[in-house]
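Residues or ranges marked as site 'Part of a proton relay during catalysis' by Swiss-Prot on the basis of sequence analysis: THR43, TYR106. What Swiss-Prot lists as pyruvate binding site is THR44, VAL202. Residues or ranges marked as active site, proton donor/acceptor by Swiss-Prot: TYR132. Here Swiss-Prot flags LYS160 as active site, schiff-base intermediate with substrate.
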Amino acid sequence: MFQGVYTAVITPFRQGKIDYDSYFKILENQIRSGVAGVVPCGTTGESPTLSYEEHKELIQKTVQVVSGKIQVIAGTGSNSTKEAIELTESACADGVDGILSVNPYYNKPTQEGMFQHFTAIANVSSKPVMLYNIPGRTNVNLLPETVSRLAAHPKIAAIKEATGDLGQMAKVISQCPTNFDLLSGDDNLTLPVLSIGGKGVVSVVSNLFPRACVDMVSLYLRGDLEASKKIYYKLLPVFVNAFIETNPIPIKAAMSWFGYCSNELRLPMTSLSEGTASESFKKIVFQLKEEGIV
């Protein structure tokens with residue numbers, strides 16, 4: 001159901017408001033580049049800083065622009081189950097193809113609490129649900145045993161795994177049904193995750209280099225590992241440098257360097273710090289662009 005590259009798309013801002021002109025151009029580039037789908041209102045999209053109205057509008061406009069050409073997996077997670085349900089119902093009504101639901105953050109629920117949270121969301125969703133496990137941001141880890149229980153729900157179809165723990169991911173794959181999809185939540189682990197049975201990646205770097213990310217994953221899935229590895233190692237410095245500061249600070253800076261949007265973020269996120277690390281990142285991405293990587 002979920003396979004390939006899904007771009008965790010940034011949310012451009014201009015003078016404090018969502019810059020839809022830039023956003024639509026980014027979406028069109030994603031469509032042209034052949035990604036499987038886009039994921040608006042996720043971590044990379046600065047969803048915690050969006051108002052409820054902005055969140056709903058951004059998803060609506062994404063569906064309208066994409067118009068069935070690629071999938072839209074809408075981020076509707078919250079640390080309030082009630083709010084997550086409301087956002088999920090709204091996104092489903094707008095015609096998304098799937099839901100991305102993150103671990104409840106700050107509350108620190110137990111495994112049973114997360115099981116009940118995600119079950120409640122899945123019960124109201126008319127679209128497939130992709131769980132999102134990112135303990136580095138949420139301070140709770142959705143364990144393989146809990147994922148296995150959740151995978152029995154007919155609407156829970158996949159997980160975006162961002163623990164960075166291949167052993168844990170292997171347990172998830174081995175304990176869940178074969179039609180339950182695991183996607184990497186870390187660009188730099190894309191090929192390792194594919195090698196243990198993952199189906200793709202929810203990517204940050206594909207905002208900037210969508211075609212290269214698509215080619216890397218497509219070649220691997222077609223069995224051309226060597227060609228896939230060549231692209232992977234070309235992109236690896238970008239995968240690493242895209243996290244020299246908290247995501248999405250570096251990737252939004254890089255998108256502004258390439259002219260896609262302004263480098264405006266919403267507090268408490270701030271622009272990429274000037275210095276050696278940012279200059280190195282800038283040099284890397286422009287060198288790849290000069291080499292024809294897109």
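Each residue, glycine too, has its Cβ placed from N, Cα and C.
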Taking just the CA atoms, what is the gap between VAL202 (pyruvate binding site) and THR43 (site 'Part of a proton relay during catalysis') in Å?
11
Sparsest-packed among the recorded positions, when each Cβ's other Cβ atoms within 10 Å are tallied, from TYR106, TYR132:
TYR106
Just jot down the residues in the same chain as THR44 (pyruvate binding site), at least 6 apart in sequence, with C-beta under 8 A of its C-beta; none if empty.
ALA8, VAL9, ILE10, VAL204, ASN207, ASN247, PRO248, ILE251
Whole-number answer please: how many Å between the C-alpha atoms of the residue listed as 'active site, schiff-base intermediate with substrate' and the residue listed as 'active site, proton donor/acceptor'?
5
Set of same-chain residues at least 6 away whose C-beta sits under 8 angstroms from THR43 (site 'Part of a proton relay during catalysis'):
ALA8, GLY75, VAL102, ILE134, ARG137, ASN247, PRO248
Look up TYR106 (site 'Part of a proton relay during catalysis') in the DSSP assignment and report helix, strand or coil.
coil
Near the Cβ of VAL202 (pyruvate binding site), how many other Cβ atoms are there if near means within 10 Å?
31
Pairwise CA distance, TYR132 (active site, proton donor/acceptor) versus TYR106 (site 'Part of a proton relay during catalysis'), rounded so that it is a whole Å:
15
Hey, what's the Cβ neighbour count for LYS160 (active site, schiff-base intermediate with substrate) at 10 Å?
28
